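A short worksheet on the structure shown next.
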Amino acid sequence: MHYCVLSTFLLLHLVPVALSLSTCSTLDMDQFMRKRIEAIRGQILSKLKLTSPPEDYPEPDEVPPEVISIYNSTRDLLQEKASRRAAACERERSDEEYYAKEVYKIDMPSHLPSENAIPPTFYRPYFRIVRFDVSTMEKNASNLVKAEFRVFRLQNPKARVAEQRIELYQILKSKDLTSPTQRYIDSKVVKTRAEGEWLSFDVTDAVQEWLHHKDRNLGFKISLHCPCCTFVPSNNYIIPNKSEELEARFAGIDGTSTYASGDQKTIKSTRKKTSGKTPHLLLMLLPSYRLESQQSSRRKKRALDAAYCFRNVQDNCCLRPLYIDFKRDLGWKWIHEPKGYNANFCAGACPYLWSSDTQHTKVLSLYNTINPEASASPCCVSQDLEPLTILYYIGNTPKIEQLSNMIVKSCKCS
């Protein structure tokens with residue numbers, strides 16, 4: 001009896017002490033915003049391996065179209081990936097490389113019929129072949145972080161089937177008659193008659209191989225799931241002995257003659273719609289001087305086991321909006337695009353880790369012994385983050401970089 005009374009007495013006295021042991025001090029929203037803005041300033045410079053902002057130079061009157069094209073493609077790709085992750089309830093990988101990646105765009109080469117060259121595409125009823133020249137990037141083979149193949153699917157109102165499953169293959173160099181001639185990469189179900197859309201495929205392994213072995217670069221093959229039969233995507237049913245042609249049409253691959261034979265007005269309209277939608281590769285490379293820093297000091301992974309489902313209540317931990325205007329908030333003129341972005345931040349109260357009705361003094365004592373400098377109550381921190389693409393100038397040289405973990409999308413108590 002005396003033991004129970006003593007335990008209760010100690011518990012009531014130790015719990016308030018535990019609740020006060022927090023390294024997360026209460027700040028007003030203005031102070032949160034100021035700290036977040038300064039943190040972003042340091043983040044951007046750090047990720048670009050800059051000790052200070054580049055010197056101010058007069059902004060160019062007009063950014064070259066090819067530079068804008070790379071920026072737009074990279075930005076759109078990131079937005080598409082974010083939308084897919086949100087739809088699938090997936091999170092960005094927490095072990096994303098910290099430093100910024102340089103982005104390069106390689107368009108599919110176009111050859112005139114009169115040129116004595118192998119055309120980059122071949123028309124076949126059941127597949128298309130696409131080739132890229134990546135020889136200029138061979139010296140950077142070891143720095144490749146990611147490669148994406150992007151192709152724009154055109155609307156085909158004359159398609160005989162509404163849906164098709166298309167597959168992407170890497171064409172292999174055959175050593176003998178028994179060796180495989182292609183390697184599967186990915187597949188997508190597309191709506192042939194729907195409005196056009198960009199399709200993206202992760203081709204990092206294939207491009208990495210091409211950069212190290214030039215003779216193995218035989219291109220990609222876009223084909224039907226089963227050209228010798230008919231595949232019904234809605235129920236994964238295959239109808240044998242019924243050939244199905246590739247009804248999906250792709251900008252820069254399928255000629256305008258597919259849509260109009262002799263109709264100059266329609267040909268001109270189609271060319272206008274497909275302008276700027278050439279199939280291309282987006283290569284993301286980590287420069288050597290950043291690669292060395294990345295290998296020497298890896299960031300710690302964010303803990304994922306302490307996630308807290310926060311409520312959207314003003315006083316509780318939740319996502320707070322914060323728009324950063326580079327010129328107004330940071331005093332920077334050297335970032336050309338975007339002019340600003342929604343950085344956001346996390347703030348609010350978190351429920352305490354211990355309470356008098358769920359924990360005992362021995363547990364609290366053990367925790368404090370193991371983690372003497374740790375907070376006894378959780379803090380509101382970021383959980384899901386997304387990258388940001390920027391276009392900036394160093395002198396007269398335009399550069400496009402992808403900065404990881406710059407946009408806070410959700411929060412947790414940890």
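Using the three backbone atoms N, Cα and C, a Cβ is placed for every residue, glycine included.
Over in Swiss-Prot, the protein carries these features:
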| type | residues | note |
| --- | --- | --- |
| DISULFID | Cys309-Cys318 | disulfide bond |
| DISULFID | Cys317-Cys380 | disulfide bond |
| DISULFID | Cys346-Cys411 | disulfide bond |
| DISULFID | Cys350-Cys413 | disulfide bond |
| CARBOHYD | Asn72 | N-linked glycosylation site |
| CARBOHYD | Asn140 | N-linked glycosylation site |
| CARBOHYD | Asn241 | N-linked glycosylation site |
| SIGNAL | 1-20 | signal peptide |
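Overlay of Swiss-Prot annotations on the structure.
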residue : record                      : Cβ neighbours (10 Å)
Asn72   : N-linked glycosylation site : 15
Asn140  : N-linked glycosylation site : 17
Cys317  : disulfide bond              : 24
Cys318  : disulfide bond              : 16
Cys346  : disulfide bond              : 21
Cys350  : disulfide bond              : 21
Cys380  : disulfide bond              : 24
Cys411  : disulfide bond              : 25
Cys413  : disulfide bond              : 24
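Cα spacing between Cys411 (disulfide bond) and Cys318 (disulfide bond): 6 Å, rounded to the nearest whole number. Taking the Cα atom of each, Cys317 (disulfide bond) and Cys346 (disulfide bond) are about 7 angstrom apart.
Spatial neighbours are here defined as Cα atoms within 10 angstroms of one another, and by that definition the neighbours of Cys346 (disulfide bond) among the recorded positions Asn72, Asn140, Cys380 are Cys380. When the alpha carbons of Cys318 (disulfide bond) and Cys413 (disulfide bond) are compared, the span between them is 9 angstrom. Using a 10 angstroms CA-CA radius around Cys380 (disulfide bond), the recorded positions that qualify from Asn72, Asn140, Cys350 are Cys350.
Asn140 (N-linked glycosylation site) is 23 Å away from Asn72 (N-linked glycosylation site) when you measure Cα to Cα.
A separation of roughly 41 Å, to the nearest angstrom, links the Cα atoms of Cys413 (disulfide bond) and Asn140 (N-linked glycosylation site).
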